[in-house]
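S.K.: Okay, so TrEMBL annotates it like this:
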type	residues	note
BINDING	Glu90, Asp112, Leu114	Mg(2+) 1 binding site
BINDING	Asp112, Asp115, Glu279	Mg(2+) 2 binding site
BINDING	Asp115, Gly116, Ser117, Ser118, Asn207, Lys273	substrate binding site
DOMAIN	5-192	domain 'Fructose-1-6-bisphosphatase class I N-terminal'
DOMAIN	197-329	domain 'Fructose-1-6-bisphosphatase class 1 C-terminal'
Amino acid sequence: MKPISLTQFLIEQQREGRINADLRLLIEVVARACKRISIAVGKGALGGVLGSAGTENVQGETQKKLDVLSNEILLEANAWGGHLAALASEEMDDPHPIPDRYPKGEYLLVFDPLDGSSNIDVNISVGTIFSVLRCPEGVKNPDEKAFLQPGTQQVAAGYAVYGSSTVLVLTLGDGVHQFTLDREQGNFPLTHSRLRIPEDTSEFAINMSNMRHWEPPMRRYIEELLAGKTGPRGRDFNMRWVASMVADVHRILTRGGIFIYPRDLKDPGKPGKLRLMYEANPMAFIVEQAGGAATTGRERILDITPAQLHQRVPVFLGSKNEVERVTGYHLAADRAGEPA
Ligand code: AHG
Ligand code: MN
Ligand code: MN
């Protein structure tokens, strides 16, 4: 049987009362923007899109040409449809208002336009991550404060991976669905419904080079995994690290695993590397909707009330039993009053 397209899927969701016409349009527009980004990524050196843009974002990171281009594509695509009240992005210091000449809608869109920037120039998968919130009632010109809502308030979240194929993974709060870009037809047929992350896993994803900076419970957990069959876990574990969160999370959604970007003490002022609002929250929503878990090592990511748009958090997500175990190690160490 021919798979249904993203458009058909969204229309069915609207008919079932799960989304309204504006949210349907919003997802369609984001998918269209992802298609354009996918084309730009796919052109590589031929499109003149590789390398640095020579500018810095608010986090002090050097922007790549594709970071800037992807941000522009998402901004331009979302400005005029009337479905948004405002947007915010990793690549912009402050929220971006919808120009006055266009009607405004009830949603806020937050995104990481290009995740895994360090992999652009080496032809490894990168992606886009997005999260959708409602604009608080009565707010006409949403500022940063309007965005500072816990992840539990997300009405939709998703990501695209620009890999050997381009996939779009989406949750509207009722399971996780995967669409694959048909490059000839230009649409996104539904290729997997209701993805489930196995509760157990023998695969972990972490940047091991930071090990000396980790907190003791984190070191304990990884040392136990590395000890394999003869250690306390009694079995061997395998490691994978793409260094594009989208690609690592997509592997976990496909076959299980645990992804960790822990707090490290290299820079004590920095509570983690990944950003809460456009990396951790959308991924946590997707992972929970697929039966997995997502914590900071101490608390559920989706319960955090953000203090800032570009706030960073430690991230532990994926197969439930592993996330619960390592979270338990942190909480036990805190209870015992162990120094970090
Ligand atoms: P971004 O490219 O949007 O700044 O995000 C990069 C993130 C994430 O994708 C990845 O998991 C992590 O940084 C990679 O970090 P390492 O450089 O420590 O491998
Ligand atoms: Mn990112
Ligand atoms: Mn990015």
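Every residue, even glycine, has its Cβ placed from backbone N, Cα and C.
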S.K.: Near Glu279 (Mg(2+) 2 binding site) in space, meaning Cα within 10 angstroms, which of the binding-site residues do we find among Asp112, Leu114, Gly116, Ser117, Ser118?
M.R.: Asp112
S.K.: Taking only the Cα atoms, work out how far Glu90 (Mg(2+) 1 binding site) lies from Asp115 (Mg(2+) 2 binding site), in Å, as a whole number.
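M.R.: That comes out at 10 Å between the alpha carbons.
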S.K.: Quick check for the class: what is the C-alpha distance, in angstrom and rounded, between Lys273 (substrate binding site) and Asp112 (Mg(2+) 1 binding site)?
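M.R.: For Lys273 (substrate binding site) versus Asp112 (Mg(2+) 1 binding site), the Cα atoms are 14 Å apart.
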S.K.: Taking the binding-site residues Ser117, Asn207, Lys273, Glu279, which residues show a Cβ-atom distance to ligand 2 below 6 Å?
M.R.: Glu279
S.K.: Would you mind ranking the binding-site residues Ser117, Asn207 by how many other Cβ atoms sit within 10 Å of each Cβ and giving me the lowest?
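M.R.: Across Ser117, Asn207, these binding-site residues, the one with fewest Cβ atoms within 10 Å is Asn207.
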S.K.: Which binding-site residues, if any, among Asp112, Asp115, Asn207, Glu279 have a Cβ under 6 Å from ligand 1, given in order along the chain?
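M.R.: Result: Asp112, Asp115, Asn207.
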S.K.: Under the DSSP assignment, what numbers of helix, strand and coil residues are found in the domain 'Fructose-1-6-bisphosphatase class 1 C-terminal' (197-329)?
M.R.: 59 helix, 23 strand, 51 coil
S.K.: Other than its own, how many Cβ atoms are within 10 Å of the Cβ belonging to Gly116 (substrate binding site)?
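M.R.: Excluding its own Cβ, Gly116 (substrate binding site) sees 21 Cβ atoms within 10 Å.
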S.K.: Does Ser118 (substrate binding site) have same-chain partners at least 6 apart in sequence with Cβ under 8 Å from its own Cβ, and which are they?
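M.R.: Set apart from Ser118 (substrate binding site) by at least 6 residues yet with Cβ under 8 Å, we have Ala243.
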S.K.: Mind running the binding-site residues Gly116, Ser118, Asn207, Lys273 against ligand 3 and keeping the ones whose CB falls under 6 Å of it?
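M.R.: Checked binding-site residues vs ligand 3; nothing flagged, none.
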S.K.: What other residues of the same chain, not counting Glu90, Asp112, Leu114, have a CB atom within 8 A of the CB centroid of the Mg(2+) 1 site?
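M.R.: Sorted by sequence, the hits are Asp67, Ser70, Asn71, Ser89, Glu91, Phe111, Pro113, Asp115, Ser117, Thr128, Ile129, Tyr278, Glu279.
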S.K.: Between Asp115 (Mg(2+) 2 binding site) and Asn207 (substrate binding site), what C-alpha distance do you get in Å?
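M.R.: About 16 Å separates the two Cα atoms.
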S.K.: Let me know the DSSP-derived helix, strand or coil state of Glu90 (Mg(2+) 1 binding site), please.
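M.R.: In three-state terms, Glu90 (Mg(2+) 1 binding site) counts as coil.
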S.K.: Largest pairwise Cα distance, Å, within the listed substrate binders Asp115, Gly116, Ser117, Ser118, Asn207, Lys273?
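M.R.: About 16 Å separates the two most distant Cα atoms.
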S.K.: Can you grab the distance from Asp112 (Mg(2+) 1 binding site) over to Asn207 (substrate binding site)? Cα atoms, rounded to a whole Å.
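M.R.: Here the two Cα atoms lie 20 Å apart.
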